[in-house]
Amino acid sequence: MSPLWWGFLLSCLGCKILPGAQGQFPRVCMTVDSLVNKECCPRLGAESANVCGSQQGRGQCTEVRADTRPWSGPYILRNQDDRELWPRKFFHRTCKCTGNFAGYNCGDCKFGWTGPNCERKKPPVIRQNIHSLSPQEREQFLGALDLAKKRVHPDYVITTQHWLGLLGPNGTQPQFANCSVYDFFVWLHYYSVRDTLLGPGRPYRAIDFSHQGPAFVTWHRYHLLCLERDLQRLIGNESFALPYWNFATGRNECDVCTDQLFGAARPDDPTLISRNSRFSSWETVCDSLDDYNHLVTLCNGTYEGLLRRNQMGRNSMKLPTLKDIRDCLSLQKFDNPPFFQNSTFSFRNALEGFDKADGTLDSQVMSLHNLVHSFLNGTNALPHSAANDPIFVVLHSFTDAIFDEWMKRFNPPADAWPQELAPIGHNRMYNMVPFFPPVTNEELFLTSDQLGYSYAIDLPVSVEETPGWPTTLLVVMGTLVALVGLFVLLAFLQYRRLRKGYTPLMETHLSSKRYTEEA
(Lines of atoms letter the chains of each structure in order from A and count residues from 1; the text may use other names and numbers.)
(Lines give C-alpha, C1' and ligand atoms only; values in the text may rest on other atoms or scores of the structure.)
Protein backbone atom coordinates (compact mmCIF):
# COMPACT_ATOMS: atom_id res chain seq x y z
CA MET A 1 0.00 0.00 0.00
CA SER A 2 1.39 3.43 -0.96
CA PRO A 3 2.20 6.01 1.71
CA LEU A 4 -0.68 8.09 0.42
CA TRP A 5 -3.22 5.34 1.20
CA TRP A 6 -1.89 5.08 4.73
CA GLY A 7 -2.08 8.83 4.90
CA PHE A 8 -5.82 8.81 4.44
CA LEU A 9 -6.07 6.76 7.63
CA LEU A 10 -3.68 8.84 9.71
CA SER A 11 -3.26 12.47 10.59
CA CYS A 12 -0.26 14.23 9.14
CA LEU A 13 2.34 16.45 10.74
CA GLY A 14 1.29 19.64 8.96
CA CYS A 15 -2.44 19.05 8.41
CA LYS A 16 -4.67 17.37 10.96
CA ILE A 17 -7.84 15.88 9.49
CA LEU A 18 -11.00 17.11 11.21
CA PRO A 19 -14.72 16.96 10.53
CA GLY A 20 -15.16 19.80 8.04
CA ALA A 21 -16.25 21.04 4.65
CA GLN A 22 -14.82 20.97 1.20
CA GLY A 23 -13.21 23.87 -0.50
CA GLN A 24 -10.86 26.47 0.87
CA PHE A 25 -12.92 28.37 3.39
CA PRO A 26 -12.73 30.08 6.80
CA ARG A 27 -12.72 27.59 9.64
CA VAL A 28 -15.56 29.48 11.33
CA CYS A 29 -17.90 28.63 8.43
CA MET A 30 -17.21 24.91 8.52
CA THR A 31 -20.37 23.95 10.42
CA VAL A 32 -23.31 21.87 9.30
CA ASP A 33 -25.65 24.87 9.60
CA SER A 34 -23.43 27.12 7.49
CA LEU A 35 -23.00 24.47 4.82
CA VAL A 36 -26.64 23.41 4.67
CA ASN A 37 -27.78 27.04 4.51
CA LYS A 38 -24.94 27.87 2.09
CA GLU A 39 -24.12 31.02 4.02
CA CYS A 40 -20.72 32.20 5.25
CA CYS A 41 -21.26 35.56 6.93
CA PRO A 42 -19.32 35.45 10.22
CA ARG A 43 -19.70 38.06 12.91
CA LEU A 44 -16.92 40.53 13.58
CA GLY A 45 -16.00 40.54 17.26
CA ALA A 46 -18.08 39.22 20.14
CA GLU A 47 -21.43 40.77 19.24
CA SER A 48 -23.54 38.14 17.45
CA ALA A 49 -25.52 40.76 15.54
CA ASN A 50 -22.36 42.31 14.07
CA VAL A 51 -22.45 40.10 10.97
CA CYS A 52 -19.74 41.13 8.48
CA GLY A 53 -18.99 44.16 10.68
CA SER A 54 -22.34 45.64 9.65
CA GLN A 55 -22.64 47.64 12.88
CA GLN A 56 -19.51 49.59 11.95
CA GLY A 57 -20.58 49.92 8.32
CA ARG A 58 -17.82 47.59 7.17
CA GLY A 59 -19.96 45.19 5.15
CA GLN A 60 -23.18 43.25 4.60
CA CYS A 61 -24.18 39.63 4.06
CA THR A 62 -25.15 39.49 0.38
CA GLU A 63 -25.77 37.09 -2.50
CA VAL A 64 -22.65 35.81 -4.23
CA ARG A 65 -22.27 36.98 -7.81
CA ALA A 66 -20.68 34.45 -10.15
CA ASP A 67 -19.76 34.96 -13.78
CA THR A 68 -22.20 33.16 -16.10
CA ARG A 69 -20.77 34.33 -19.42
CA PRO A 70 -19.78 31.59 -21.86
CA TRP A 71 -16.29 30.16 -21.76
CA SER A 72 -14.24 28.43 -24.44
CA GLY A 73 -11.41 25.93 -24.37
CA PRO A 74 -11.30 22.19 -23.81
CA TYR A 75 -13.56 21.99 -20.74
CA ILE A 76 -16.97 21.14 -22.25
CA LEU A 77 -18.76 19.66 -19.22
CA ARG A 78 -21.47 21.43 -17.25
CA ASN A 79 -22.32 21.12 -13.56
CA GLN A 80 -19.68 18.42 -13.06
CA ASP A 81 -17.02 20.36 -11.19
CA ASP A 82 -17.29 22.14 -7.83
CA ARG A 83 -15.27 25.05 -9.21
CA GLU A 84 -17.89 26.04 -11.78
CA LEU A 85 -19.62 29.30 -10.79
CA TRP A 86 -17.18 29.54 -7.88
CA PRO A 87 -18.01 29.44 -4.98
CA ARG A 88 -21.75 28.84 -5.40
CA LYS A 89 -21.51 25.06 -5.06
CA PHE A 90 -20.72 25.80 -1.41
CA PHE A 91 -22.01 29.24 -0.44
CA HIS A 92 -24.70 31.47 -1.91
CA ARG A 93 -24.23 34.29 0.60
CA THR A 94 -20.97 35.82 1.86
CA CYS A 95 -19.75 39.09 3.32
CA LYS A 96 -19.51 41.93 0.82
CA CYS A 97 -17.22 44.58 2.29
CA THR A 98 -17.52 48.30 1.65
CA GLY A 99 -14.82 50.88 0.94
CA ASN A 100 -11.34 49.69 1.84
CA PHE A 101 -12.52 46.91 4.16
CA ALA A 102 -11.81 43.30 3.22
CA GLY A 103 -11.73 39.74 4.54
CA TYR A 104 -14.21 36.94 5.15
CA ASN A 105 -15.81 38.97 7.99
CA CYS A 106 -14.72 42.43 6.73
CA GLY A 107 -12.24 42.59 9.60
CA ASP A 108 -9.24 43.27 7.34
CA CYS A 109 -8.19 46.08 5.02
CA LYS A 110 -7.71 45.81 1.30
CA PHE A 111 -4.12 45.32 0.19
CA GLY A 112 -2.34 48.66 0.44
CA TRP A 113 -4.52 50.16 3.20
CA THR A 114 -4.21 50.29 6.96
CA GLY A 115 -5.64 51.92 10.09
CA PRO A 116 -8.60 51.05 12.36
CA ASN A 117 -10.99 52.09 9.61
CA CYS A 118 -8.68 51.24 6.70
CA GLU A 119 -8.52 54.94 5.90
CA ARG A 120 -4.75 55.35 5.52
CA LYS A 121 -2.76 54.46 2.45
CA LYS A 122 -0.05 52.06 3.58
CA PRO A 123 3.52 52.69 2.39
CA PRO A 124 4.15 50.05 -0.26
CA VAL A 125 6.35 47.14 0.71
CA ILE A 126 9.34 46.82 -1.61
CA ARG A 127 10.11 43.46 -3.21
CA GLN A 128 13.85 43.20 -3.79
CA ASN A 129 16.18 40.89 -5.67
CA ILE A 130 16.94 38.01 -3.32
CA HIS A 131 20.65 38.44 -4.05
CA SER A 132 20.43 42.06 -2.83
CA LEU A 133 19.04 41.21 0.61
CA SER A 134 21.19 41.86 3.65
CA PRO A 135 22.06 38.78 5.75
CA GLN A 136 19.39 39.84 8.26
CA GLU A 137 16.73 40.30 5.55
CA ARG A 138 17.63 36.97 3.97
CA GLU A 139 17.37 35.17 7.30
CA GLN A 140 14.04 36.84 8.04
CA PHE A 141 12.61 35.63 4.71
CA LEU A 142 13.93 32.07 4.88
CA GLY A 143 13.03 31.79 8.56
CA ALA A 144 9.50 33.01 7.83
CA LEU A 145 9.07 30.31 5.18
CA ASP A 146 10.31 27.63 7.56
CA LEU A 147 8.00 28.85 10.32
CA ALA A 148 5.09 28.90 7.86
CA LYS A 149 5.75 25.24 7.08
CA LYS A 150 5.24 24.37 10.77
CA ARG A 151 2.52 26.78 11.96
CA VAL A 152 -1.16 25.91 11.42
CA HIS A 153 -3.05 28.54 9.43
CA PRO A 154 -5.03 30.62 11.94
CA ASP A 155 -8.11 31.22 9.78
CA TYR A 156 -8.43 28.89 6.80
CA VAL A 157 -8.81 25.15 6.25
CA ILE A 158 -8.57 22.83 3.24
CA THR A 159 -11.08 20.29 1.96
CA THR A 160 -10.58 16.54 2.00
CA GLN A 161 -13.51 15.46 -0.17
CA HIS A 162 -15.14 16.68 -3.36
CA TRP A 163 -18.43 18.59 -3.32
CA LEU A 164 -20.75 15.58 -3.39
CA GLY A 165 -19.13 14.36 -0.16
CA LEU A 166 -19.40 17.75 1.47
CA LEU A 167 -21.11 16.67 4.71
CA GLY A 168 -19.49 13.27 5.11
CA PRO A 169 -21.09 9.80 4.88
CA ASN A 170 -23.83 10.52 7.43
CA GLY A 171 -24.50 14.12 6.47
CA THR A 172 -23.36 15.53 9.81
CA GLN A 173 -19.57 15.58 9.54
CA PRO A 174 -18.23 18.23 7.16
CA GLN A 175 -14.91 17.12 5.74
CA PHE A 176 -11.97 19.51 6.18
CA ALA A 177 -8.43 19.64 7.54
CA ASN A 178 -6.31 22.14 9.40
CA CYS A 179 -3.11 22.86 7.52
CA SER A 180 0.13 24.79 7.95
CA VAL A 181 0.38 28.26 6.43
CA TYR A 182 2.79 27.12 3.71
CA ASP A 183 1.01 23.85 2.94
CA PHE A 184 -2.18 25.87 2.59
CA PHE A 185 -0.36 27.96 -0.04
CA VAL A 186 0.58 24.72 -1.83
CA TRP A 187 -2.95 23.33 -1.60
CA LEU A 188 -4.46 26.45 -3.19
CA HIS A 189 -2.29 25.94 -6.27
CA TYR A 190 -3.06 22.21 -6.42
CA TYR A 191 -6.81 22.83 -6.14
CA SER A 192 -6.76 25.33 -9.01
CA VAL A 193 -5.18 22.81 -11.41
CA ARG A 194 -6.56 19.47 -10.22
CA ASP A 195 -8.61 17.27 -12.53
CA THR A 196 -12.40 17.09 -12.48
CA LEU A 197 -13.42 13.96 -10.57
CA LEU A 198 -16.06 11.96 -12.47
CA GLY A 199 -15.60 8.60 -10.76
CA PRO A 200 -12.91 6.09 -9.74
CA GLY A 201 -10.11 6.31 -12.28
CA ARG A 202 -12.16 8.68 -14.47
CA PRO A 203 -10.50 12.09 -14.25
CA TYR A 204 -11.34 14.82 -16.73
CA ARG A 205 -8.03 16.57 -17.23
CA ALA A 206 -8.94 19.40 -19.62
CA ILE A 207 -9.31 22.09 -16.97
CA ASP A 208 -7.01 24.60 -15.28
CA PHE A 209 -8.10 27.71 -13.43
CA SER A 210 -4.66 29.28 -12.97
CA HIS A 211 -2.71 28.47 -16.14
CA GLN A 212 -3.15 28.39 -19.92
CA GLY A 213 -5.21 31.56 -20.03
CA PRO A 214 -5.39 35.24 -19.01
CA ALA A 215 -5.88 34.45 -15.31
CA PHE A 216 -2.32 33.10 -15.12
CA VAL A 217 -1.02 36.55 -14.16
CA THR A 218 -3.79 37.66 -11.78
CA TRP A 219 -4.22 34.29 -10.08
CA HIS A 220 -0.54 33.99 -9.18
CA ARG A 221 -0.41 37.66 -8.18
CA TYR A 222 -3.20 37.15 -5.63
CA HIS A 223 -1.64 33.86 -4.51
CA LEU A 224 1.58 35.69 -3.62
CA LEU A 225 -0.27 38.56 -1.95
CA CYS A 226 -2.06 36.11 0.34
CA LEU A 227 1.21 34.42 1.33
CA GLU A 228 2.94 37.77 1.83
CA ARG A 229 0.21 38.93 4.21
CA ASP A 230 0.24 35.60 6.07
CA LEU A 231 4.01 35.85 6.55
CA GLN A 232 3.76 39.49 7.68
CA ARG A 233 1.36 38.44 10.40
CA LEU A 234 3.32 35.34 11.29
CA ILE A 235 6.51 37.30 12.02
CA GLY A 236 4.81 40.53 13.15
CA ASN A 237 6.31 42.77 10.47
CA GLU A 238 3.92 44.70 8.20
CA SER A 239 6.79 45.99 6.05
CA PHE A 240 8.01 42.49 5.15
CA ALA A 241 8.04 41.82 1.40
CA LEU A 242 8.63 38.70 -0.66
CA PRO A 243 11.86 38.91 -2.67
CA TYR A 244 12.19 37.88 -6.30
CA TRP A 245 14.67 35.75 -8.22
CA ASN A 246 15.81 37.30 -11.49
CA PHE A 247 16.07 34.04 -13.39
CA ALA A 248 16.97 35.76 -16.70
CA THR A 249 20.63 34.82 -16.48
CA GLY A 250 20.91 32.73 -19.65
CA ARG A 251 23.01 30.26 -17.68
CA ASN A 252 22.68 26.53 -17.15
CA GLU A 253 22.96 26.70 -13.37
CA CYS A 254 20.57 27.70 -10.61
CA ASP A 255 22.14 30.55 -8.63
CA VAL A 256 19.56 30.30 -5.81
CA CYS A 257 20.15 26.57 -5.34
CA THR A 258 22.76 27.11 -2.63
CA ASP A 259 22.76 26.23 1.05
CA GLN A 260 22.64 29.95 1.86
CA LEU A 261 19.32 30.20 0.00
CA PHE A 262 17.12 27.28 -1.09
CA GLY A 263 19.57 24.42 -0.77
CA ALA A 264 22.24 22.84 -2.95
CA ALA A 265 22.04 19.29 -4.27
CA ARG A 266 22.84 16.46 -1.88
CA PRO A 267 26.15 14.83 -2.94
CA ASP A 268 24.95 11.25 -2.46
CA ASP A 269 21.60 11.90 -4.19
CA PRO A 270 21.53 15.07 -6.34
CA THR A 271 17.74 14.93 -6.61
CA LEU A 272 17.45 15.74 -2.90
CA ILE A 273 18.29 18.94 -1.00
CA SER A 274 21.60 19.25 0.85
CA ARG A 275 21.44 18.36 4.54
CA ASN A 276 23.08 21.73 5.23
CA SER A 277 19.87 23.46 4.16
CA ARG A 278 16.78 23.98 6.33
CA PHE A 279 14.72 22.83 3.34
CA SER A 280 16.28 19.35 3.25
CA SER A 281 13.61 18.10 5.67
CA TRP A 282 10.68 19.72 3.88
CA GLU A 283 8.12 17.19 2.68
CA THR A 284 5.64 17.63 -0.12
CA VAL A 285 1.85 17.64 -0.06
CA CYS A 286 -0.64 17.25 -2.92
CA ASP A 287 1.87 15.35 -5.07
CA SER A 288 -0.05 12.12 -5.87
CA LEU A 289 -2.65 13.31 -8.35
CA ASP A 290 -3.28 9.86 -9.85
CA ASP A 291 -4.00 8.39 -6.42
CA TYR A 292 -6.51 11.15 -5.63
CA ASN A 293 -8.23 10.50 -8.94
CA HIS A 294 -8.41 6.77 -8.25
CA LEU A 295 -9.84 7.37 -4.78
CA VAL A 296 -12.17 10.14 -6.04
CA THR A 297 -10.93 12.39 -3.28
CA LEU A 298 -8.85 15.49 -2.71
CA CYS A 299 -5.39 16.14 -1.33
CA ASN A 300 -5.77 16.20 2.45
CA GLY A 301 -2.34 17.60 3.29
CA THR A 302 -0.66 14.30 4.17
CA TYR A 303 3.11 14.41 3.70
CA GLU A 304 4.20 12.29 0.73
CA GLY A 305 7.99 12.45 0.58
CA LEU A 306 10.93 14.84 0.48
CA LEU A 307 11.23 17.86 -1.75
CA ARG A 308 13.14 17.11 -4.96
CA ARG A 309 14.96 18.95 -7.71
CA ASN A 310 16.54 17.13 -10.59
CA GLN A 311 18.76 19.02 -13.00
CA MET A 312 20.77 15.92 -13.88
CA GLY A 313 20.89 15.36 -17.62
CA ARG A 314 19.70 18.91 -18.28
CA ASN A 315 23.06 20.60 -18.59
CA SER A 316 22.21 21.70 -22.13
CA MET A 317 19.10 23.54 -20.92
CA LYS A 318 19.60 27.23 -20.20
CA LEU A 319 17.53 29.71 -18.26
CA PRO A 320 15.84 32.64 -20.05
CA THR A 321 17.87 35.70 -21.05
CA LEU A 322 17.42 39.46 -20.72
CA LYS A 323 16.64 39.51 -24.45
CA ASP A 324 13.72 37.18 -23.74
CA ILE A 325 12.41 39.65 -21.16
CA ARG A 326 12.85 42.53 -23.60
CA ASP A 327 11.06 40.66 -26.39
CA CYS A 328 8.18 39.72 -24.11
CA LEU A 329 7.78 43.29 -22.87
CA SER A 330 7.60 44.55 -26.46
CA LEU A 331 4.31 42.67 -27.05
CA GLN A 332 1.53 45.24 -26.88
CA LYS A 333 -1.52 42.94 -26.75
CA PHE A 334 -2.28 41.50 -23.32
CA ASP A 335 -3.84 38.40 -24.86
CA ASN A 336 -5.29 37.19 -28.14
CA PRO A 337 -7.98 34.67 -29.10
CA PRO A 338 -8.43 31.85 -28.31
CA PHE A 339 -6.93 33.08 -24.99
CA PHE A 340 -5.32 29.68 -24.48
CA GLN A 341 -1.89 28.09 -24.70
CA ASN A 342 -1.94 28.45 -28.51
CA SER A 343 -2.52 32.22 -28.54
CA THR A 344 0.11 34.10 -30.56
CA PHE A 345 1.63 37.55 -30.03
CA SER A 346 0.08 37.51 -26.58
CA PHE A 347 2.07 39.05 -23.75
CA ARG A 348 0.42 36.68 -21.28
CA ASN A 349 1.14 33.55 -23.31
CA ALA A 350 4.74 34.61 -23.94
CA LEU A 351 5.30 35.32 -20.24
CA GLU A 352 3.68 32.05 -19.24
CA GLY A 353 6.00 30.33 -21.69
CA PHE A 354 3.80 28.58 -24.25
CA ASP A 355 4.83 31.11 -26.91
CA LYS A 356 8.40 32.01 -27.64
CA ALA A 357 9.40 35.21 -25.90
CA ASP A 358 8.72 37.25 -29.06
CA GLY A 359 5.13 35.98 -29.23
CA THR A 360 5.51 33.41 -32.01
CA LEU A 361 4.18 29.92 -31.39
CA ASP A 362 6.47 26.90 -31.47
CA SER A 363 5.08 23.83 -29.73
CA GLN A 364 8.60 22.44 -29.35
CA VAL A 365 9.88 25.44 -27.41
CA MET A 366 9.32 26.52 -23.81
CA SER A 367 10.19 30.00 -22.65
CA LEU A 368 10.23 32.22 -19.56
CA HIS A 369 8.02 30.90 -16.71
CA ASN A 370 7.49 27.40 -18.15
CA LEU A 371 11.16 27.04 -19.02
CA VAL A 372 12.26 27.83 -15.46
CA HIS A 373 9.92 25.24 -13.95
CA SER A 374 11.19 22.64 -16.41
CA PHE A 375 14.80 23.64 -15.75
CA LEU A 376 14.39 23.03 -12.00
CA ASN A 377 12.58 19.75 -12.68
CA GLY A 378 11.66 17.42 -9.80
CA THR A 379 8.84 18.73 -7.60
CA ASN A 380 8.82 21.95 -9.64
CA ALA A 381 8.06 20.26 -12.94
CA LEU A 382 4.31 19.64 -12.47
CA PRO A 383 1.72 22.34 -11.69
CA HIS A 384 -0.08 20.41 -8.95
CA SER A 385 3.13 19.94 -6.92
CA ALA A 386 5.33 22.90 -7.94
CA ALA A 387 4.43 25.23 -5.06
CA ASN A 388 5.97 22.76 -2.57
CA ASP A 389 9.41 24.05 -3.55
CA PRO A 390 10.00 27.46 -1.92
CA ILE A 391 11.80 28.55 -5.10
CA PHE A 392 8.26 28.78 -6.50
CA VAL A 393 7.74 31.93 -4.42
CA VAL A 394 10.68 33.92 -5.82
CA LEU A 395 10.20 32.54 -9.33
CA HIS A 396 6.63 33.82 -9.42
CA SER A 397 7.54 37.08 -7.74
CA PHE A 398 9.84 37.83 -10.69
CA THR A 399 7.15 36.70 -13.15
CA ASP A 400 4.79 39.15 -11.46
CA ALA A 401 7.44 41.89 -11.72
CA ILE A 402 7.48 41.41 -15.50
CA PHE A 403 3.68 41.57 -15.59
CA ASP A 404 3.74 44.73 -13.49
CA GLU A 405 6.29 46.36 -15.80
CA TRP A 406 4.07 45.57 -18.78
CA MET A 407 1.05 47.09 -17.00
CA LYS A 408 2.99 50.31 -16.34
CA ARG A 409 4.28 50.59 -19.90
CA PHE A 410 1.00 49.98 -21.71
CA ASN A 411 -1.65 51.01 -19.16
CA PRO A 412 -4.24 48.67 -20.70
CA PRO A 413 -7.96 49.40 -20.38
CA ALA A 414 -10.13 46.87 -18.55
CA ASP A 415 -11.51 45.57 -21.85
CA ALA A 416 -8.02 44.39 -22.86
CA TRP A 417 -9.08 41.37 -20.82
CA PRO A 418 -11.73 39.17 -22.51
CA GLN A 419 -15.12 39.38 -20.84
CA GLU A 420 -16.14 36.01 -22.28
CA LEU A 421 -14.91 33.03 -24.32
CA ALA A 422 -11.67 32.58 -22.41
CA PRO A 423 -11.19 29.10 -20.85
CA ILE A 424 -13.25 28.41 -17.74
CA GLY A 425 -12.00 30.53 -14.85
CA HIS A 426 -10.26 33.01 -17.14
CA ASN A 427 -13.04 35.44 -18.08
CA ARG A 428 -12.51 38.93 -16.69
CA MET A 429 -15.28 38.74 -14.07
CA TYR A 430 -14.75 35.10 -13.02
CA ASN A 431 -14.12 34.59 -9.30
CA MET A 432 -10.61 33.16 -9.01
CA VAL A 433 -10.61 29.56 -7.73
CA PRO A 434 -10.35 28.73 -4.84
CA PHE A 435 -9.93 32.12 -3.15
CA PHE A 436 -12.51 33.13 -0.57
CA PRO A 437 -14.21 35.52 -0.17
CA PRO A 438 -14.68 35.81 -3.94
CA VAL A 439 -12.30 38.04 -5.89
CA THR A 440 -12.42 38.51 -9.66
CA ASN A 441 -9.61 38.61 -12.19
CA GLU A 442 -10.47 42.22 -12.94
CA GLU A 443 -9.75 43.28 -9.35
CA LEU A 444 -6.09 42.24 -9.76
CA PHE A 445 -5.62 43.69 -13.25
CA LEU A 446 -3.87 46.73 -11.75
CA THR A 447 -0.38 48.04 -11.21
CA SER A 448 1.30 46.80 -8.05
CA ASP A 449 1.35 50.20 -6.34
CA GLN A 450 -2.46 50.08 -6.24
CA LEU A 451 -2.16 46.82 -4.28
CA GLY A 452 0.37 48.00 -1.71
CA TYR A 453 3.71 46.81 -3.08
CA SER A 454 6.33 47.61 -5.70
CA TYR A 455 9.54 46.18 -7.11
CA ALA A 456 13.10 47.43 -6.78
CA ILE A 457 13.98 46.46 -10.32
CA ASP A 458 15.06 47.84 -13.69
CA LEU A 459 13.81 45.64 -16.50
CA PRO A 460 15.17 46.01 -20.04
CA VAL A 461 13.27 48.35 -22.34
CA SER A 462 12.23 47.25 -25.82
CA VAL A 463 14.45 47.70 -28.86
CA GLU A 464 11.99 50.26 -30.21
CA GLU A 465 12.40 52.43 -27.11
CA THR A 466 16.19 52.29 -26.79
CA PRO A 467 18.16 51.16 -29.87
CA GLY A 468 21.28 49.18 -29.18
CA TRP A 469 24.73 50.26 -30.45
CA PRO A 470 24.47 48.27 -33.72
CA THR A 471 21.13 49.90 -34.50
CA THR A 472 22.40 53.37 -33.56
CA LEU A 473 25.52 52.92 -35.72
CA LEU A 474 23.44 51.88 -38.72
CA VAL A 475 21.23 54.95 -38.31
CA VAL A 476 24.26 57.28 -38.11
CA MET A 477 25.96 55.67 -41.13
CA GLY A 478 22.76 55.82 -43.13
CA THR A 479 22.37 59.52 -42.36
CA LEU A 480 25.97 60.25 -43.42
CA VAL A 481 25.55 58.36 -46.70
CA ALA A 482 22.35 60.29 -47.42
CA LEU A 483 24.08 63.63 -46.74
CA VAL A 484 27.01 62.75 -49.00
CA GLY A 485 24.61 61.70 -51.75
CA LEU A 486 22.68 64.95 -51.41
CA PHE A 487 25.91 66.99 -51.61
CA VAL A 488 26.99 65.17 -54.79
CA LEU A 489 23.57 65.72 -56.36
CA LEU A 490 23.60 69.46 -55.56
CA ALA A 491 27.13 69.81 -56.94
CA PHE A 492 26.10 68.09 -60.17
CA LEU A 493 23.04 70.33 -60.60
CA GLN A 494 25.15 73.45 -60.02
CA TYR A 495 27.66 72.24 -62.61
CA ARG A 496 24.85 71.77 -65.17
CA ARG A 497 23.45 75.23 -64.44
CA LEU A 498 26.83 76.85 -65.01
CA ARG A 499 27.37 74.89 -68.21
CA LYS A 500 23.97 76.07 -69.47
CA GLY A 501 25.00 79.75 -69.08
CA TYR A 502 27.79 79.35 -71.74
CA THR A 503 25.71 77.61 -74.42
CA PRO A 504 26.16 79.34 -77.86
CA LEU A 505 23.22 81.54 -79.00
CA MET A 506 22.64 79.39 -82.05
CA GLU A 507 21.54 76.57 -79.75
CA THR A 508 19.41 78.81 -77.56
CA HIS A 509 15.66 78.14 -77.53
CA LEU A 510 13.95 81.50 -76.90
CA SER A 511 10.69 81.73 -75.07
CA SER A 512 8.05 84.43 -75.13
CA LYS A 513 7.10 83.65 -71.51
CA ARG A 514 7.72 86.46 -69.07
CA TYR A 515 8.98 85.91 -65.54
CA THR A 516 5.91 87.48 -64.11
CA GLU A 517 3.55 85.06 -65.82
CA GLU A 518 2.48 81.87 -64.25
CA ALA A 519 4.09 78.76 -65.49
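Numbers here mean position along the shown chain, with the first residue as 1.
Backbone N, Cα and C atoms are what each Cβ position is placed from, and that goes for glycine too.
According to Swiss-Prot, the protein carries these features:
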type	residues	note
BINDING	His189, His211, His220	Zn(2+) A binding site
BINDING	His369, His373, His396	Zn(2+) B binding site
CARBOHYD	Asn170	N-linked glycosylation site
CARBOHYD	Asn178	N-linked glycosylation site
CARBOHYD	Asn237	N-linked glycosylation site
CARBOHYD	Asn300	N-linked glycosylation site
CARBOHYD	Asn342	N-linked glycosylation site
CARBOHYD	Asn377	N-linked glycosylation site
SIGNAL	1-23	signal peptide
TOPO_DOM	24-472	topological domain 'Lumenal, melanosome'
TOPO_DOM	494-519	topological domain 'Cytoplasmic'
TRANSMEM	473-493	transmembrane segment
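Annotated features taken from Swiss-Prot, shown on the structure.
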residue	record	contacts (Cβ under 8 Å, 6+ apart)
Asn170	N-linked glycosylation site	none
His211	Zn(2+) A binding site	Val193, Glu352, Pro383
His220	Zn(2+) A binding site	Ser210, His396, Thr399, Asp400
Asn237	N-linked glycosylation site	Gln140
Asn342	N-linked glycosylation site	Phe354, Leu361
His373	Zn(2+) B binding site	Asn380, Ala381, Ala386, Leu395
Within 8 Å of the Cβ centroid of the Zn(2+) B site residues His369, His373, His396, which other residues of the same chain have their Cβ?
His220, Gly353, Leu368, Asn370, Val372, Ala386, Phe392, Leu395, Thr399
Within 10 angstroms of the C-beta of His189 (Zn(2+) A binding site), what count of other C-beta atoms is obtained when all protein chains are considered?
24
Which residues, in sequence order, are found in the same chain with Cβ within 8 Å of the centroid defined by the Cβ atoms of His189, His211, His220 at the Zn(2+) A site, excluding those residues themselves?
Ser192, Val193, Ser210, Phe216, Trp219, His223, Pro383, Ala386, Ala387, His396
Would you mind sorting out which of Asn300, His369, Asn377 (the recorded positions) have a C-alpha within 10 A of the one on Asn178 (N-linked glycosylation site)?
Asn300
When you rank His189, Asn300, Asn377 by Cα distance to His369 (Zn(2+) B binding site), which of the recorded positions ends up on top as the closest?
Asn377
Write down the Cα-Cα distance for His189 (Zn(2+) A binding site) and Asn300 (N-linked glycosylation site), rounded and given in Å.
14
Which has the fewest other CB atoms in a 10 Å radius around its CB: Asn178, Asn300, Asn377, the listed glycosylation sites?
Asn377
Between Asn377 (N-linked glycosylation site) and His189 (Zn(2+) A binding site): CA-CA distance (Å):
17
